[in-house]
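Remarks on the structure that follows.
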Amino acid sequence: MKPVKVGVLGLGTVGGGTVNVLKRNAAEIARRAGREIIITRASAKDLNKPRICDTQGIALTTDPYEIINDPEIEIILELIGGAGPVKDMVLKAIENGKHVVTANKSLIALHGNEIFAKASEKGVIVAFEAAVAGGIPIIKAIREGLSGNQIEWLAGIINGTGNFILTEMRDKGRDFADVLAEAQALGYAEADPTFDVEGIDAGHKLTILASIAFGIPLQFDKVYTEGITKITRADVEYAEQLGYRIKHLGIARKTPEGIELRVHPTLIPERRLIANVDGVMNAVLIKGDAVGPTLYYGAGAGAEPTASSVVADVIDVVRALTSDPENRVPHLAFQADALADIPVLSSDMFRTSYYLRLNAEDKPGVLAEVTRILADHQISIEAISQKVPLNNETSVPIIMLTQITLEKEMNAAIAEIEALKTVTGKVNRIRLETLG
Ligand SMILES: NC(=O)c1ccc[n+]([C@@H]2O[C@H](COP(=O)([O-])OP(=O)(O)OC[C@H]3O[C@@H](n4cnc5c(N)ncnc54)[C@H](O)[C@@H]3O)[C@@H](O)[C@H]2O)c1
Ligand SMILES: N[C@@H](CCO)C(=O)O
Ligand code: NA
């Protein structure tokens with residue numbers, strides 16, 4: 001059979017890694033796919049930039065549409081990124097009857113509903129394994145491996161840059177800015193790294209995971225998002241004294257009222273495997289009703305780990321070239337006409353435990369005032385400890401862990417606690433999940 005011709009848009013970290021893996025493993029890949037797969041054309045913004053890949057044998061252009069409109073090309077790899085100009089590129093490729101493989105989570109999270117509808121209309125595949133948790137085959141695991149289950153919840157460390165920063169800060173006492181610069185140099189970070197540190201990238205990935213886990217349309221605008229920039233060294237230490245690690249998690253949970261979609265720093269018991277996932281590694285913990293908890297671990301970013309997923313998608317597409325479109329794995333795991341309209345809950349409706357840190361005057365009755373406010377809001381305290389004052393301060397840090405409570409009640413209680421004359425400054429609140 002003739003080789004399958006592939007065109008690549010974008011030759012940066014992921015594009016370069018993909019060229020390298022497809023070339024290096026060509027023979028093995030052909031044995032798996034049943035056909036030789038070759039990259040014949042690639043588009044780059046700057047043709048003379050130094051690259052991590054060898055482009056010998058690949059015709060380069062600065063115009064992606066030359067490739068998108070090339071009738072010889074069967075599969076387009078969109079590895080440019082962003083939800084701007086690439087949206088039209090992907091829609092045009094689909095329009096031209098080409099299959100698309102992308103690593104672009106913002107594109108899928110923001111425009112996936114439209115893109116998948118168009119792809120179904122045209123009978124082509126849009127594959128996006130590399131968009132979530134880099135090299136971990138998490139899309140395939142949920143969409144195919146767990147398809148007999150009702151998924152109850154999932155929780156994941158799904159931003160490599162953020163986990164790398166938190167790990168280096170905790171283990172080596174390094175500065176935030178310094179570690180972020182290293183993550184950028186290593187090719188882990190997004191073009192705009194605020195996407196990594198403010199939880200937006202994790203929010204994009206959570207949007208995708210929740211859709212394929214629960215069979216709901218993609219709805220990034222409903223994800224509650226908090227980043228890692230407000231995590232302090234003191235909180236990391238206090239959490240550890242209590243037996244917890246602070247990780248930045250994306251959590252999707254089905255409740256009787258609706259679905260919680262939230263991205264935020266989270267205390268998790270240090271004995272959990274996921275609490276010990278460090279550096280650029282990602283992990284996703286999924287609870288299915290039949291299988292119980294399952295955990296997936298691997299590199300969340302970087303050229304070749306991400307390329308591993310891109311290439312696997314290319315092979316899947318090649319294997320599916322001869323199948324009828326209706327017999328393929330649905331883009332969002334559930335049949336497109338069977339997506340459910342389950343409400344996504346506002347953050348007021350979240351139910352979780354909390355770690356609270358506040359500074360209070362060191363005198364009798366202060367703790368009683370704080371605990372009375374919590375009791376008024378039906379919030380039970382799991383643990384409480386008073387720390388030694390820092391320097392010569394007259395106020396003392398108080399750390400509390402609560403039992404599961406409604407976030408609306410917690411917000412109201414925090415407002416009342418902050419209004420107390422004996423409490424100085426803000427209450428620092430971090431959610432806590434036992435993930436059991
Ligand atoms: N870097 C990672 O570890 C990683 C992991 C998973 C997913 N992703 C996703 O993969 C995509 C690519 O990320 P990256 O890290 O490789 O970014 P990158 O910046 O290294 O590469 C993108 C490349 O696209 C080029 N480009 C921009 N406009 C172009 C155009 N019009 N035509 C052709 N080329 C153009 C840029 O010059 C750049 O070389 C993004 O969607 C990103 O979110 C990245
Ligand atoms: N910037 C992303 C790339 C992988 O999606 C991260 O650090 O996880
Ligand atoms: Na993946």
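Note that Cβ sites are derived from N, Cα and C of the backbone, with glycine treated the same way.
Per TrEMBL, the feature NADP(+) binding site maps to L9, G10, L11, G12, T13, V14, G15, G16. Sequence annotations record features per position, and here TrEMBL assigns NADPH binding site to K105. Sequence annotations record features per position, and here TrEMBL assigns L-homoserine binding site to E190. The annotation active site, proton donor is assigned in TrEMBL to K205. What TrEMBL records for 355-431 is domain 'ACT'.
Note: the domain 'ACT' (355-431) comprises 24 helix, 32 strand, 21 coil (DSSP; helix = H, G, I, strand = E, B).
Sequence-distant contacts of K105 (NADPH binding site), defined by Cβ-Cβ distance under 8 angstroms and a gap of at least six in the same chain, are F128, A131, V132, D201, H204, K205, I208. Note: the Cα of G10 (NADP(+) binding site) and the Cα of the residue listed as 'L-homoserine binding site' are spaced 14 Å from each other.
Within 8 A of the CB centroid of the NADP(+) site residues L9, G10, L11, G12, T13, V14, G15, G16, the other residues of that chain are V8, G17, T18, A44, L79, I80. Of all the binding-site residues listed (L9, L11, V14), V14 sits in the most crowded Cβ setting, with the most other Cβ atoms within 10 Å.
Residues from the recorded positions list (L11, T13, G15, G16, E190, K205) with a C-beta closer than 6 Å to any atom of ligand 2: E190. Proximity to ligand 1 (Cβ under 6 Å from any of its atoms) holds for these recorded positions out of T13, G16, K205: T13.
Counting in whole angstrom, G16 (NADP(+) binding site) lies 16 from E190 (L-homoserine binding site) by their C-alpha atoms. Secondary structure at G16 (NADP(+) binding site), taken from DSSP and collapsed to helix, strand or coil, is helix. For the binding-site residues G10, G12, G15, G16, the greatest number of Cβ atoms within 10 Å around a candidate Cβ is found at G15.
Model confidence over the domain 'ACT' (355-431) is summarised by a mean pLDDT of 93. On the backbone, the CA of the residue listed as 'L-homoserine binding site' and the CA of G15 (NADP(+) binding site) stand 14 Å apart.
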